[in-house]
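For reference, TrEMBL has these:
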TRANSMEM  7-25  transmembrane segment
TRANSMEM  95-120  transmembrane segment
TRANSMEM  132-162  transmembrane segment
TRANSMEM  168-192  transmembrane segment
TRANSMEM  204-223  transmembrane segment
TRANSMEM  243-266  transmembrane segment
TRANSMEM  275-294  transmembrane segment
TRANSMEM  329-346  transmembrane segment
Amino acid sequence: MEQSKKAIGFFFGLAILAFGFLLFYTKQIEPFSDFALIEWQIKLANQGIFHLPYQNHLEDPNFHFFPFPSLFFHIQNGSAYSTFPNLYPILFSPLYASFGLIGIKVAQFVLFFFSIYLFYQINKNAISAILLLSGSTIFIYIFLIHETILFFFLEILILYLYHNRRTGLSGFLALCLVWMRPEMIFAVAFLPFCFSEKHNWKRYWFVFLITGIVFSIVNQFTFGTFVPIRFFKKPEYQFRPEIAFYLFKITLEQIPIIFLFIIYLVKSFKRKEWFYRNISLLTITTIIILISPNTGGHNTPRYLFGLIPLYILLLRTNTNIENKISKRWILLCLALSIYSLVTLWNQTKELKKISKFQTNTLEELTKIEDQILVFNNSDFAFVALPLLDRKKNLLLLQNQNHRENLITILNAKNASSFTFLELPPSPIPIGETLKLPGCNINCEFRTIETKTLPNALLPIKATRYKRM
């Protein structure tokens, strides 16, 4: 027992040192992509707003120029709602208001370690806790504004409650988790197989199904669909071998615990019961990789992080790990920790590059005098989100057929000029002029200046149009 405590102390001390260093190293990383959208939701939650405001909703009721791709929002009763649930913004908005990004990172660090503590309580096994800590690179999400750590905690809580035979509450929370992140259905469906049959799995599924029916009815009245918004707005699936191969590659790179699991899978062949469960979990992993519409974003296998605790639970059962930690396991955990830290270091360097692009681009965008900025690239629209605090009007041109809608908005806002931002070759150009129909004076917008944004790290063209 004393040896186990020392091992836990060492690895958790190493994690705390890594957190302190990465917290300092990542302090200049600004939210980008969907991180920026979630940050905006947090700001809105602090104002008591739980939809996404759009100042052009009267002129553009179909939200053709809303500054996000349609995948990220759902329209209901004339309002846009993010496909990211508001639970995370609501819970973390007080911390953001009081301490900024640092407050959220520290809170996620505490939540992550509390998750590992709860996981340790399931079987009182030090190696399992250390493997959960070092067996993947999910640690990187501590430093990002994203719901991954919160949902990771929720999953561990579900496992903890199920282990303690509170299967009804576990089933309720499992449905909540799936409702907010549909891809977690694979993890919560396999969860009962990680425990003995003495647990009341029937109650778990009964509560899960009843809660799902209630949620579906409420969701239909609220958002006009029986399924979660995130599932309703899922990208159209089309099998692409390159995506599956890339997801398989980063899964092996960033979830090294899978290697260890496969090794012990061979050893578990004689124990038929657990061998079949192991094969089933690997099959689920393969299915997720094959049916994923994309890589999950952020250059991480986010769709697969929910399987990590299940791998460790089965691994512990396969190996009959004792609480006394052998030197072999210490060396193995140390190797995993070093590998994960190196991978995390490389990921943070990549994040800093992306953040530097955003920061430089945003600085250049703030210098543009026009209140109306038109983009034809959603990545730029995400970068420009902080400009909403400066009352800028951001429009995302997603289809050439919507040019008339753009003219309607410009005319309704009585705009004298606007700036169009694009990354050549432009997929959706505007042209040299825009003519306003039914107009008697100053009836068109003409190009008066085209320049490349300096210091933006990409050849972003800014074309200014003036009404004349």
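Backbone N, Cα and C atoms are what each Cβ position is placed from, and that goes for glycine too.
Spatially, the transmembrane segment (275-294) is adjacent to the transmembrane segment (243-266); three or more Cβ-Cβ distances between them are under 8 Å for residues at least 6 apart in sequence.
Residues of the same chain lying 6 or more positions beyond the ends of the transmembrane segment (7-25) and with a Cβ under 8 Å from any Cβ of it are 102, 105-106, 109, 113, 126, 129-130, 133-134, 139, 142-143, 325, 330, 333, 337, 341, 344, 348, 352. Same-chain neighbours of the transmembrane segment (95-120): 12, 15, 19, 23, 26-27, 31, 39, 42-43, 46, 126, 128-129, 132-133, 139, 141-143, 145, 149-150, 152-153, 156-157, 159-160, 309, 312, counting only residues six or more beyond its ends whose CB sits under 8 Å from a CB of the stretch. Same-chain neighbours of the transmembrane segment (329-346): 7, 11, 14, 18, 22, 127, 130-131, 133-137, 139-140, 253-254, 256-257, 260, 321, counting only residues six or more beyond its ends whose CB sits under 8 Å from a CB of the stretch.
Beyond the ends of the transmembrane segment (204-223), by six or more residues, the same chain brings 74, 76, 81, 162, 167-172, 174-176, 179, 188, 191-192, 229, 232 to within a C-beta distance below 8 angstroms of the stretch.
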